[in-house]
Amino acid sequence: MIIELAKNYGFCFGVKRAIKKAEQIKDAATIGPLIHNNEEISRLQKNFNVKTLENIQALSNEKKAIIRTHGITKQDLEELRKKDIEIFDATCPFVTKPQQICEQMSKEGYEVVIFGDENHPEVKGVKSYVSTKAYVVLDKKELQNIKLPNKIAVVSQTTKKPEHFMEIVNFLILKTKEVRVFNTICDATFKNQDAIKELSLKSDVMVVVGGKNSANTKQLFLIAKTNCEDSYLIETEEELKKEWFLDKKHCGISAGASTPDWIIQKVIAKIKNFKIN
């Protein structure tokens, strides 16, 4: 059986930056998980004493706080600045971009449509920078019964599929006088999604490695599953089952943007140990 890695996979720029920052700072607390990968979070806690707190209210005697890659709300940032604590911002620059756009567009009188998952921490943070009105949607149908203003700005969660974002944009163009469109989908997301699409079309089994609470990993899995019925989403090599690979000729592997290489290599090693001819 051939084992092939996607052309683009794994750690993105924002995650690499955050991990490096956490390792250098040490002895700190992150507000929410730094990234969406439980194994890497455990490694940071064990080796660098970087612990994860649920929220700002959980801070007690910590001296250093790290803002997660997904960012935090504007209100939480203001609250954090009032505390006697050193702040290190690990928000991905691709996430900071829609925050800044929302703040500026609001000042100019635009209401904002955010294409994304309302419960995702990134989207919560972005929405908090809108001072007019924000509409968070996952589908154009959610906009059909809303009385839209004359001026709308549109941004996207960084991990969404571009074609779905364009469905929202095309709907708004037909419904309102002025639409300002900002492409806030991360370039790494484009590349990883294109790569897994290409690989899944020629594989008869796919393994996607990443946190099951990771939006970009789940998106990769959905693309793989669309093209390759026998696709599996795992967090560690412990979840692999030999029967997945029996009678298979081509195994494709990809990984989410928060998945470190050391986990991916463990997955590959275990698949090889199954000794599938």
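For all residues, glycine too, the Cβ spot is worked out from N, Cα and C.
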Q) Where Swiss-Prot shows His36, His70, His120, Ser214, Asn216 binding isopentenyl diphosphate, which of Ser254, Ser258 is named for the same site? A) Ser258
Q) Which three-state DSSP class does Glu122 (active site, proton donor) fall into? A) helix
Q: Based on Cα distances to His70 ((2E)-4-hydroxy-3-methylbut-2-enyl diphosphate binding site), point out the closest of the recorded positions Cys12, Cys92, Glu122, Cys186.
A: Glu122
Q: For Glu122 (active site, proton donor) and Ser258 ((2E)-4-hydroxy-3-methylbut-2-enyl diphosphate binding site), determine the Cα separation and express it in whole Å.
A: 14
Q: Output, ordered by sequence, the same-chain residues six or more apart from Cys186 ([4Fe-4S] cluster binding site) with a CB under 8 Å from its CB, or 'none'.
A: Cys12, Gly14, Cys92, Phe94, Thr158, Thr159, Ala257
